[in-house]
Amino acid sequence: MGKISSLPTQLFKCCFCDFLKVKMHIMSPSHLFYLGLCLLTFTSSATAGPETLCGAELVDALQFVCGDRGFYFNKPTGYGSSSRRAPQTGIVDECCFRSCDLRRLEMYCAPLKPAKSARSVRAQRHTDMPKAQKEVHLKNASRGSAGNKNYRM
């Protein structure tokens, strides 16, 4: 049974090889060169690891990854296992001179800032109004009460 199931496979391989031979004779050497160059490019880019980022490309990548949080060029304190490391490495050392990945870039993002709680307008009026009313009352009182005149400000 093994020979019967492999017969269609062998026929396909043979026909495919014949098809390629005919196509190769039709293609010019320059076309073959460009086809080979494309194949090399696609295979090498598929196996390539993280790339290096320097200068404006590094800044653009950090802005994209970190967004509104911002980023640091040196690691903030608290990263790493020991604070006694003599040479402090930065993002340029890690991503420009060597290749780095997305996780490495995210390590240099600033932490999220907690949202500021806005004071309500009602709370501002409550705290500001008595002081203003008190000042007006004091000004009226300082003018005296001669003639029982009411002064308005």
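Going from the start of the chain as shown, residues are counted 1 onward.
Using the three backbone atoms N, Cα and C, a Cβ is placed for every residue, glycine included.
Annotation comment: Swiss-Prot describes 49-77 as region 'B'. Per Swiss-Prot, the feature disulfide bond maps to Cys54-Cys96, Cys66-Cys109, Cys95-Cys100; the stated evidence is similarity to another entry. According to Swiss-Prot, the feature region 'C' maps to 78-89. Residues or ranges marked as region 'A' in Swiss-Prot: 90-110. Under the heading region 'D', Swiss-Prot lists 111-118. Per Swiss-Prot, the feature compositional bias 'Basic and acidic residues' maps to 125-138. Swiss-Prot lists 142-153 with the feature compositional bias 'Polar residues'.
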Which of Cys54, Cys109, all disulfide-bonded residues, has a Cβ with the fewest other Cβ atoms inside 10 Å: Cys54
Cβ neighbour count (within 10 Å, all chains shown) around Cys100 (disulfide bond): 21
Per DSSP, three-state class assigned to Cys95 (disulfide bond): helix
Cys66, Cys95, Cys100, Cys109 filtered to the disulfide-bonded residues whose C-alpha is within 10 Å of Cys54 (disulfide bond): Cys95
Rounded distance in angstrom between the Cα atoms of Cys95 (disulfide bond) and Cys109 (disulfide bond): 14
Coarse DSSP state, helix versus strand versus coil, of Cys100 (disulfide bond): coil
Alpha-carbon spacing, Cys96 (disulfide bond) to Cys109 (disulfide bond), which is rounded to whole Å: 17
Cβ packing number for Cys66 (disulfide bond), 10 Å threshold: 16
Within the region 'B' (49-77), residues counted as helix, strand or coil by DSSP: 14 helix, 2 strand, 13 coil
Among Cys95, Cys96, the one of these disulfide-bonded residues whose Cβ has the fewest neighbouring Cβ atoms within 10 Å: Cys96
Cα distance (Å, whole number) from Cys66 (disulfide bond) to Cys100 (disulfide bond): 15
Taken over the region 'A' (90-110), the model's mean pLDDT: 89
